[in-house]
Structures are given as structure tokens and as C-alpha cells.
């Protein structure tokens, strides 16, 4: 039996409305809610979301936050009328006990509009699970932190750095896969030895490749196209300037490594033999980083410029590196570029 309108009373700061089978555009519905006959207590935030319901009709869900506790006694207070036809809509009305949960629920389809400044609620202190559930489902890092601050202030203060680090990790987006700006076919001046190396390795299936493939060390002036050529060959790890085996930038599923402008004396101190020698199943030991297990078994394309401190050939020709030179010549081919790898002036890296 319907509730007697005279017995209706809504005393709440946060209100959750659902208008079933309501086809009023969400932005127009928001304006209608803003212009209701509010008394002293007025909306500080409104979010209106459209849901395509299973019954084939759109529903509107609304979250309203007020400047104070309401005292609404008119059951028809939230009724709205379609702006272009004579159709009235009456909502289901509830107090929103957990505004974060309501906010996340009504916008699960992503079709919403809003007005005002949302006030974060962390849920009840007695139920920390709700706090962290709401934080995980927040829209951004700062919103998640605000939820935890409100709902679990002790943990927020005592373990702030850990809490922030964990939240930032959860909200970190995977980097976009690198796309070469130039097609491999645009490199028309590649030395035969480089082309043969690439054809031999990439022309085989993974199962048919050598257990430890040969790497190549390519030395040439800047803007000869060596970086763009190396990066256009296939899925790879790009190590530039220093070694970083963080899982965000280094993948054990890559087909080869590109080692670009990493000083030879630095690589000698780190993982020269592991990377150039295509060694398998080894562990990184880079300073300031946690040890990482590397699958390996893939070749490296080492790119360098001529000159002291940059040239791998000059570095290996030093007397103190004689044994390393002997090892490297068995595990890598050396190529010196005499001209750019392309004919036009488009590629300059």
C-alpha cells in the first residue's frame, strides 16, 4: 500500500533518488533539481547519471548533497516534469548513508553530469572494509586518499607514505605501446651486415632461434637513423642512458633489447655479459632498485656514437679491456655506419 503523503519526512544531508523510466536528459534533470523550492538548506553538490535499464527504458539516478540536514515533508517535492511533453516523474527517495558507494554505483556506466563540490565521506569507522572498497573505486588518486583520510585517519597519518605509494600504484595507467614513426621499409641504406643480422633473427620463429642469439653493436654519428631503425624491428625493451628493469618499462616478453647511449664503462659494471651475451635466467642487481628476475635469451642492439666515453670499439681496444673484447667478439657483431640509414632527411635520430 502506498505511503500516506502526510506521513512522509526526509531528514538527511545526502539524498539518493532514482527516477524509473525517465527520459529527461540528465543535464536538464540536474537543472530542475537545482531549482526546486529548497528552503534554507540548499544543494552543494548534485550528480545525475543515466542508466540504460534492462526494461528498455532509461533510468536517472541522482546523488544530492546538502548544506545541512533537510526537513522535507512533501512526498512530491522531488517530482519533475518533462520539458517537452506532459509527463511527470516521481522518484524513489532514500537517504544516502554511504555517499561514496552511491556515487560509484550510479556512475558505473560513465554517463553522468554533476554540479558543485563533492564532499568525501569515508564511511563508518566500524567498517574499514567499506572505506577501502570506496577508495579503490574512487575516480583518482586524490579522491581515494581523501576517502581514506576521512574514514581511517589514523592509518592515513601513521602510514601516509605507504598508503600514498599503494594508491598511486593502483591508479597508474599502463604506458601506451611505442609505435615507430617510420616504417622499416623507409630505411633504404642499411648495411648488408645489419640487414643479414635482422633477417637471420627475425626471420625465424621463436622456437627456431638460437639458444643465445648474437647481438650487434652499431656505432655511428648522431642523426643517422640508427635508433629509429633498431626500434622499428619489433617488440623490444628500450634502455636509454641507464639500465632500468622496472616492470613498467622492461618486459620479459620482448623479442630484443635496444641499448641506446649507455656508456660502455657503465655497462661493464652492470650487465654487459648478460645483455650482450643473451644470457638466460639471471637477476638484476642495479643500485637503488629491487632485484628483478630476467628471463633473457634475447639479443641486444647496442647503439653508440664515436668518441671517447661513448664508443664501444674504442673502449674495448683499451689494454685493460682485452679479455672483455675477446669475449664480446664471440657474442656480438660490430658495425660502423658510414652514412645515414635512409635517403631522405626525415629520420634524424
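Just so it is clear, glycine is given a Cβ too, placed from its N, Cα and C backbone atoms.
Marked as domain 'CRESS-DNA virus Rep endonuclease' by Swiss-Prot: 9-118. Mapped onto DSSP helix, strand and coil, the domain 'CRESS-DNA virus Rep endonuclease' (9-118) counts 17 helix, 40 strand, 53 coil.
The motif 'RCR-1' annotation in Swiss-Prot covers 16-19 and is backed by sequence analysis. Packing against the motif 'RCR-1' (16-19) from elsewhere in the chain are residues 29, 59-64, 78, 80, 89-96, 102, 106: each is 6 or more residues past its ends and has a CB under 8 Å from a CB in it.
Around residue 59 (divalent metal cation binding site), taking its Cβ as the centre, 20 other Cβ atoms fall within 10 Å, counting all chains. For 51, 59, 61, 109, the entry in Swiss-Prot reads divalent metal cation binding site, with the evidence type sequence analysis.
The feature motif 'RCR-3' is assigned by Swiss-Prot to 105-108. Here the motif 'RCR-3' (105-108) has a mean pLDDT of 84 out of 100.
Mapped onto DSSP classes, the region 'Binding to RBR1' (141-151) shows 11 helix, 0 strand, 0 coil. Among the features that Swiss-Prot reports, region 'Binding to RBR1' is placed at 141-151, with the record citing similarity to another entry.
Per Swiss-Prot, region 'Oligomerization' is recorded for 154-174, and the stated evidence type is similarity to another entry. Residues 135-136, 140-141, 144-145, 148, 248 of the same chain, all 6+ positions outside the region 'Oligomerization' (154-174), place their C-beta atoms under 8 angstroms from a C-beta of that stretch.
What Swiss-Prot records for 220, 221, 222, 223, 224, 225, 226, 227 is ATP binding site, and it gives sequence analysis as the kind of evidence. DSSP gives residue 221 (ATP binding site) a coil state; it is part of no helix or strand.
Same-chain residues lying 6+ beyond the ends of the motif 'RCR-3' (105-108) with a Cβ under 8 Å from its Cβ atoms: 16, 47, 49, 51, 61-63. Of all the binding-site residues listed here (220, 225), the one with the fewest other CB atoms within 10 A of its own CB is 220. Spatially, by CA atoms, the binding-site residues 59, 61, 109 include one closest to residue 222 (ATP binding site), and that is 109. Checked against residue 59 (divalent metal cation binding site), the binding-site residues 221, 223, 226, 227 differ in C-alpha distance, with 227 being the nearest.
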